[in-house]
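Copied over from Swiss-Prot:
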{"type": "TRANSIT", "residues": "1-20", "note": "transit peptide"}
{"type": "DOMAIN", "residues": "36-486", "note": "domain 'Biotin carboxylation'"}
{"type": "MOD_RES", "residues": "K39", "note": "N6-acetyllysine"}
{"type": "MOD_RES", "residues": "K79", "note": "N6-succinyllysine"}
{"type": "MOD_RES", "residues": "K148", "note": "N6-acetyllysine"}
{"type": "BINDING", "residues": "K152, E236, H271", "note": "ATP binding site"}
{"type": "DOMAIN", "residues": "156-353", "note": "domain 'ATP-grasp'"}
{"type": "MOD_RES", "residues": "K319", "note": "N6-acetyllysine"}
{"type": "ACT_SITE", "residues": "R328", "note": "active site"}
{"type": "MOD_RES", "residues": "K434", "note": "N6-acetyllysine"}
{"type": "MOD_RES", "residues": "K442", "note": "N6-succinyllysine"}
{"type": "DOMAIN", "residues": "563-832", "note": "domain 'Pyruvate carboxyltransferase'"}
{"type": "BINDING", "residues": "D572, K741, H771, H773", "note": "Mn(2+) binding site"}
{"type": "MOD_RES", "residues": "K589", "note": "N6-acetyllysine"}
{"type": "MOD_RES", "residues": "K661", "note": "N6-acetyllysine"}
{"type": "MOD_RES", "residues": "K741", "note": "N6-carboxylysine"}
{"type": "MOD_RES", "residues": "K748", "note": "N6-acetyllysine"}
{"type": "MOD_RES", "residues": "K892", "note": "N6-acetyllysine"}
{"type": "MOD_RES", "residues": "K992", "note": "N6-acetyllysine"}
{"type": "DOMAIN", "residues": "1109-1178", "note": "domain 'Biotinyl-binding'"}
Amino acid sequence: MLKFQTVRGSLRLLAIRRTSTATAASPNVRRLEYKPIKKVMVANRGEIAIRVFRACTELGIRTVAVYSEQDTGQMHRQKADEAYLIGRGLAPVQAYLHIPDIIKVAKENNVDAVHPGYGFLSERADFAQACQDAGVRFIGPSPEVVRKMGDKVEARAIAIAAGVPVVPGTDAPITSLHEAHEFSNTYGFPIIFKAAYGGGGRGMRVVHSYEELEENYTRAYSEALAAFGNGALFVEKFIEKPRHIEVQILGDQYGNILHLYERDCSIQRRHQKVVEIAPAAHLDPQLRTRLTSDSVKLAKQVGYENAGTVEFLVDRHGKHYFIEVNSRLQVEHTVTEEITDVDLVHAQIHVAEGRSLPDLGLRQENIRINGCAIQCRVTTEDPARSFQPDTGRIEVFRSGEGMGIRLDNASAFQGAVISPHYDSLLVKVIAHGKDHPTAATKMSRALAEFRVRGVKTNIPFLQNVLNNQQFLAGTVDTQFIDENPELFQLRPAQNRAQKLLHYLGHVMVNGPTTPIPVKASPSPTDPIVPVVPIGPPPTGFRDILLREGPEGFARAVRNHEGLLLMDTTFRDAHQSLLATRVRTHDLKKISPYVAHSFNKLFSIENWGGATFDVAMRFLYECPWRRLQELRELVPNIPFQMLLRGANAVGYTNYPDNVVFKFCEVAKENGMDIFRVFDSLNYLPNLLLGMEAAGSAGGVVEAAISYTGDVSDPSRTKYSLQYYMGLAEELVRAGTHILCIKDMAGLLKPTACTMLVSSLRDRFPDLPLHIHTHDTSGAGVAAMLACAHAGADVVDVAADSMSGMTSQPSMGALVACTRGTPLDTGVPLERVFDYSEYWEGARGLYAAFDCTATMKSGNSDVYENEIPGGQYTNLHFQAHSMGLGSKFKEVKKAYVEANQMLGDLIKVTPSSKIVGDLAQFMVQNGLTRAEAEAQAEELSFPRSVVEFLQGYIGIPHGGFPEPLRSKVLKDLPRVEGRPGASLPPLDLQALEKELTERHGEEVTPEDVLSAAMYPDVFAHFKDFTATFGPLDSLNTRLFLQGPKIAEEFEVELERGKTLHIKALAISDLNRAGQRQVFFELNGQLRSILVKDTQAMKEMHFHPKALKDVKGQIGAPMPGKVIDIKVAAGAKVTKGQPLCVLSAMKMETVVTSPVEGTVRKVHVTKDMTLEGDDLILEIE
């Protein structure tokens, strides 16, 4: 660095003495007049313009910027002392190609010299000549040299004359496709088209066969014309797997030429450089000498002055071929500056002033390589979508800096808008270290520090390159990216903070994302979490299970003295009272207290049933993640889930392998006890669920769903003998525990005594578990009767979450058995604290609380037999539709519907079938008799029809006739177990499909969620990809968002806490958006949120639906430049449909399917946003 500072210091000193005459370089060097430059205009934009402005400022030179109408907000115009608009009314690129405007600005503002930067006019001889004709110096080679070097065919001829080896190719630009055919016939494939008047990858296309020739010729010509104003092409033999090595040269007006060694630019995509290295690693010294000497020789051949680059291909045998000269500064000039300590822009300006290289202290023998430098081009491109350019507003920009890191950027800042009009380069990151691995480490660290939000970037891809062993070894060629597909295994950025801000802003603008049934706000205060002792929780029944296995666990339960309790607060209680809406956030907060205080519980019911799909559908949480997190917090108490037999946790039948895999993965994630039931007590379904749970290593708890009344001799269908017979079958099948599942709360104390004592007498060694609901108000009495009759376990809920359609009170059972042989051992004072927490938590869910419409339970449940959760739902639905006064009729219809279907056992999904039929009868004003009489003409609910077809199994006593025959007519009927005929689901294929659909690592848990609920899972993944980890938000923020000026904290993980303050919401803009302002960790953040209500009244181009294969969307924002098909056209898979242009690159959109074009939604020259619908194929 000392040498670097010395050289730059000397250059600044020279700037001060601008009025003096240059000292002679040597006695034999010809003398030129020194003309100091006082004002420089950069005929370019972006980071290269700023790079030149900075150099000029260091030399005391005034700077002038030019900008297009589209660049009014770009940083380069602000970095200059003066800035002027050019190309008014022209297309974005054409503005910077408009020579008359640029010369006019230079003349009118007394500009001494023009720096062309790179790209645009930098290699146009007519521009260099126009500057010279106007009396303005061109900081670069003479117009004649620019013309010769810019014409790649002439440059090739010069190289041949200089004795520099070249690649076989045409001697002049080709003018027709026919000439390309002739060259291919002579030299064979592969060949490459190259733009004759520019580089940077534009106008380059590799062709491997005659079939590809015409399309690639057309595209290359079009790209060259758009980028350089001239579509001329030449064609060369394509050398496969070469290294791309370029040599930096520098010349003065005195004939001095020197080189600054080489750069390795082999890491390319579509012939565009991605990562550049200086010097080239593991380059043979003799090859380096040949490359540098040939470069100097070629420069001397044409009298080259100023900075330039000579590019070569080096084949695998070490033979080099000249390909072109870039008569300008290169994008990657930075790495050469870092390793040679030479400021190339300073040198360019001084040479243009008339100084000699020796004057500047630049002699070949003094140029030494110091360490290694790497440059990464951070672009707004999406590597996961073939590097398609992304556009939009940068919401967050934080760069990586530190020792050995240099950043060259332009409009890389929060609030900057990335348009589709220009190059996608965001910032150049340059790392300098003592050697290649050190520079790579510094670069990797710097990129890891970057935070860019609002647009996609290629940073994840660059990080993969930097960590690649081949790259670290330094031996790469131009096929490096193509031959390392693992580079595209991208780790998605978590981006949690910004996603959460998007969610909060969305809720603030549009309201809750989950349907809110009641207009009630969450409690403004958080529930109080009781004090938790320090240290691990005491041992519990799970420790026995882990030590002795399911059989040993069952023995321990049976041998336990006193009554055991299962707490349903984490699942069934809130399913019954709060529409299953309790979030993981609130479950986690109380979990450590439960682990420490209730270690004597038999189990905690916390998973399965409706909680699985509701978590994804309405709470936007992963149910598996809930299980994993709760397991970590409660290691000592067994977890229990509700498994719907062959239906697992869904509402339909699944292939057997899905049910088995589900149980296996649930067990791996921490589930212990599988309470297996079937809504019809259909034995084949029960046995399948039991087998799946048992094979997974879980505790099998077979559950008999209870209905009727065994204490009533007149109720003969579901008699004591029925239940005893079914119990015999389940015990014979190997259940570890037997459960009576009383989902409606129909067990009266007398019936409890009869049923439980009979089971205890028949199965003295088998643990008995009783589940009920407290709808009638007799739940506590019933559970006490069960306990006295010999039950080992009964279900309870926290006091504040008990009663009504939930389970009986935990505190009541604990108090009633205290000091008796049935003592639960649960500390009553801990129950009080637990209840207080849930009382506070329940207030957060006021919008879902059943007490909004239902004030008490009702003993009429003994007549209508409606299950607890369904009773709550039906009651609320009736009131929400203004039919609260008719709820009695709904209950009456439920009784009639049940009898009409043959008196079913009613639990999900059979209870839903009865409920659907009941509502159908009420809505149509039908009695049971009328519905049965008109059965052949009525359109019954789908669930009823499928039940009668046998899709959920066969009910006890068979299907009701003649109703079944009347309804089904000729519809097919399922014989036997419904899932038995289903072929196994290809889970590996599903995993592959999900990976393609969601573009990230898919877990076995994800696969099973998608197998159970494909549409719900897809929506959940899309939602969380947009809005992030919502379970870190407290429930009030989740439901209604923050108030303006509210400050709060969000803990993402241990040690990572966000400090957020909501600041303001803007008025509606023309795009139907509102800007929402936050303060995040002390920094201002703003996001744009679509106002969904306002947008209903505005017209926007339709978006392609990702799940509809025939809908073809724009892969990137851009302009339609060609449409290749029309409505009615037949297309094949892979056939080009249209061509988009963005950031000076063209992309051909191809058909993903075979079919017929139904409708074309775009026209030529239309500007599209990403995913805008292009056309539909059917």
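From the backbone N, Cα and C atoms, a Cβ is placed for every residue, glycine too.
Among the record's ATP binders, K152, E236, H271, no two C-alpha atoms are more than 16 Å apart, and one pair sits at exactly that spread. Sequence-distant contacts of K79 (N6-succinyllysine), defined as residues of its own chain at least six apart whose C-beta falls under 8 angstroms from its C-beta, comprise A49, I50, F53, R54, T63, A65. Burial estimate for the recorded positions (K39, K741): highest at K741, by number of other CB atoms within 10 Å.
You'll find the Cα of K442 (N6-succinyllysine) roughly 26 Å from the Cα of H271 (ATP binding site). Counting in whole angstrom, K319 (N6-acetyllysine) lies 20 from H271 (ATP binding site) by their C-alpha atoms.
Ranked by how many other Cβ atoms sit within 10 Å of their Cβ, the recorded positions H271, K661 place H271 at the bottom. Taking the centre of the Cβ atoms of D572, K741, H771, H773 as the Mn(2+) site, the nearby residues of that chain (Cβ within 8 Å, site residues left out) are T568, D742, M743, T772, D795, Q807, G868. Sequence-distant neighbours of K152 (ATP binding site) (same chain, 6+ apart, CB under 8 A from its CB) are K194, A196, F234, E324.
Between the alpha carbons (Cα) of D572 (Mn(2+) binding site) and K434 (N6-acetyllysine) lies a span of roughly 64 Å.
According to its DSSP assignment, K434 (N6-acetyllysine) is coil. Each residue contributes its Cα atom, and for R328 (active site) and H771 (Mn(2+) binding site) these two points are 82 Å apart. Under DSSP, K39 (N6-acetyllysine) is assigned to a strand (E or B) in the three-state scheme. Following the DSSP three-state reduction, the secondary structure of K741 (Mn(2+) binding site) is strand.
K992 (N6-acetyllysine) falls within a helix when secondary structure is assigned with DSSP. Look at D572 (Mn(2+) binding site): DSSP puts it in a helix. Within the set of binding-site residues E236, K741, H771, H773, the entry lying nearest in space to K39 (N6-acetyllysine) is E236 (CA atoms). For the pair H271 (ATP binding site) and K434 (N6-acetyllysine), the Cα-Cα distance reads 29 Å.
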